[in-house]
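Participant: Feature table excerpt (TrEMBL):
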- 69-88: transmembrane segment (TRANSMEM)
- 100-122: transmembrane segment (TRANSMEM)
- 129-149: transmembrane segment (TRANSMEM)
- 169-189: transmembrane segment (TRANSMEM)
- 219-238: transmembrane segment (TRANSMEM)
- 250-270: transmembrane segment (TRANSMEM)
- 408-433: transmembrane segment (TRANSMEM)
- 445-462: transmembrane segment (TRANSMEM)
- 487-507: transmembrane segment (TRANSMEM)
- 527-546: transmembrane segment (TRANSMEM)
- 570-588: transmembrane segment (TRANSMEM)
Amino acid sequence: MVVGRESRSKYSTHIIAVEEVEVPTCMTENSADDEQESMTTKPLLNDDHDCFSAKGGFRTMPFILANEAFAQVASCGLQPSMILYLTGEYHLNMATGSNIIFLWSAATNFMPLLGAIVADSFLGRFRMILFGCVISLLGMALLWLTAMIPQVKPPPCHESNKSCSSATSFQLFLLCSCFGLTSIGLGGIRSSSLAFGADQLQKAGGHNNGRVLESYFSWYYALSTISLLIAYTCIVYAQESLGWQVGFGIPVMLMLLSTLSFSLASHLYVKLKAKSSLIVEMLQVAVASYRKRHIELSTESSKLLCHHHRGPSICLPSEKLRFLNKACIILDPEKDLTTDGTAADPWSLCTVNQVEDLKSILRVIPLWSAGMIMSVNNSQLSFSVLQAKSMNRKFGPNFEMPAGSCSMFAVVGAVLWIPFYLQIILPVASRILGRPVHLSTRERMGIGMALSFVGMIVAATVELKRRSLAIREGYSDDSDAVVDMSLLWLLPPSFLIGAGAIANMVAQNEFYYSEFPRSMSSISSTLSLLGISAANLVSSFLMNAIDKLSKLGGKESWISTNVNKGHYDYYYWVLAGLSMLNMIYFLICNKAYGPGKEDKKETTFHEQDD
């Protein structure tokens, strides 16, 4: 396509006739991002200088961090022992109860994506967090009522013949509504909390703004980890020792404190207006390329006319995933562009930068999908809780550890892995090889998968020993019996799985950050949450399939509610086999991806060093 001189003059700041532009004259992708960031940030600070002077800053941090900490303790404290509540109070079998928990977890990890779209495009972050707090509080309050009001759950089982009534449709609907409201609310909080805190510090740090944000992120994640430990110990202990009414009432009080701590500082916050979301821009590329699917792309780039940002930008779309290039092709400048050079319909015409941003995400999807099986291993919380319930949990004469608190082992393993890797593995490897050792992000992702694979092998071995001991002691028909085997046997597999999860997730986020343009740096956490959400759906599918197959011929299910009759060890071996296949899949995807930006920087560094 050729554009006349008059058209080129009119739209010269927004389109490029490729025949007249040499690619080397354009800025690099990261440079364009830097320039674009400065162009968008500086006017904001200048226009709203009074707002930033009067609002935001460090004084808002206690309210934001308290909001996140209270919400984290409240939500995470409900999860570990939930399988005991569903099987004991609602008389659900192991498969059904685990399915509900898997779907609940999947929804909780998917909702931040929807929350981010709504917050960025419509409500703004402050309103989204406040909305999330109120909805989460409502969901937890309803869950608390299921423990307080006998009529909203099945009556207790008859002790004489141990017959139990099933939950009615209304009772199950109310229960699932509690989980749904909680997931929606937590999605609203998690989608915006971290970024909202960063909004308050944009001006506070001055020239040291990078260090201020780094310190904020560190405190944010440290507080999240501490919140997990409190939830897995104190809240779970209250549920087991004081009953479900108190155990569910405490999260309600914490969620109320979370809501109040956030809303009380409303007059202090910087509240940026909603604008176009990056995720919405990705959807626009997909829609625009589909609408133009009948257009034939010329093999000669000089025949194309591409829409791009005002100022520095990517001039030409890459040849990879070429079908998406149709989204940025201008067919008729008079119709496709407005008088100021912007797209008349952003769902029919996108910029080259938008196209390349979507390509960056699509390229990493195979590597991203390889992390799901590892997340499946990490999601087997319900099984370890039932195992722990049948083991000796006494530590000293007066303390018995709650079964749900065994989830803490994986968290501790995750926390200990980072200093172990930095302070022991890397220094020892450097001494052995006689040079500084640095493992790439994809190598560390592979290490995480290997640790998780070994963890499943150890978990299967420990369960085989526990089950054999229960049968030998005559407890095969008594699921409430406690075998003479310490809870500490669950430490090694939990440590390995937790360490593998954190090693892989940290490496994943670093990989996305290095491969994506700077404008997409915030999407890495969203991808990680989506991976966990997808993993929970995969877990539900696998468990249902194994449950049905293992019951063929009238046999006892491998994942029976009676942990002594079932074969959780077989189930773990299946997951270990899938983990091994997944590592092979990861190696194939890693080779197909080829060298990334991180590898190119490392090569340049070694060349300069030589």
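Cβ from N, Cα, C; glycine included.
All TrEMBL annotations are machine predictions without curation.
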Participant: Would you confirm whether the transmembrane segment (570-588) and the transmembrane segment (445-462) meet the contact rule of 3 or more C-beta pairs below 8 angstroms, pairs 6 or more apart in sequence?
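Facilitator: Counting Cβ pairs under 8 Å (6 or more apart in sequence), the transmembrane segment (570-588) reaches the transmembrane segment (445-462), since there are 3 or more.
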Participant: Take the C-beta pairs under 8 A between the transmembrane segment (487-507) and each of 169-189, 219-238, 408-433, 445-462, 527-546. Which stretch has the highest count?
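Facilitator: By Cβ pairs under 8 Å, 445-462 leads among 169-189, 219-238, 408-433, 445-462, 527-546.
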Participant: Would you mind listing the long-range same-chain contacts of the transmembrane segment (129-149), meaning Cβ under 8 Å and 6+ residues beyond its ends?
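Facilitator: Those are 67, 71, 74-75, 78, 85, 89, 115, 123, 174-175, 177-193, 196, 243-245, 247-249, 251-252, 255-256, 258-259, 262-263, in sequence order.
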Participant: Give the nonlocal contacts of the transmembrane segment (527-546) in its own chain as ranges (CB under 8 Å, at least six residues past its ends).
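Facilitator: Same-chain contacts beyond the ends: 95, 98-99, 102-103, 105-110, 112-113, 190, 361, 364, 368-369, 371-376, 378-380, 505, 508-509, 512, 558-559, 571, 574-575, 578.
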Participant: What same-chain residues lie close to the transmembrane segment (219-238): Cβ under 8 Å, and 6 or more beyond its ends?
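Facilitator: Beyond its ends, the transmembrane segment (219-238) has Cβ neighbours at 65, 68-69, 72-78, 80-81, 194, 197, 246-247, 250-251, 402, 404-405, 407-408, 411-412, 414-415.
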Participant: Would you kindly list the residues that approach the transmembrane segment (100-122) from elsewhere in its chain, counting only those six or more residues past its ends and only Cβ-Cβ distances under 8 Å?
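Facilitator: That would be 75, 79, 82-83, 86, 92, 128, 132, 175-176, 179-180, 182-184, 186-192, 274-280, 379, 381-382, 526, 529-530, 532-534, 536-537, 539-540, 543.
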Participant: Sequence-remote contacts (6 or more beyond its ends) of the transmembrane segment (445-462), Cβ cut-off under 8 Å?
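Facilitator: Residues packing against the transmembrane segment (445-462) from afar: 367, 370-371, 373-374, 377-378, 384, 439, 489-490, 492-497, 499-505, 507-508, 511, 569-570, 572-573, 575-576, 579-580, 582-583, 586-587, 590.
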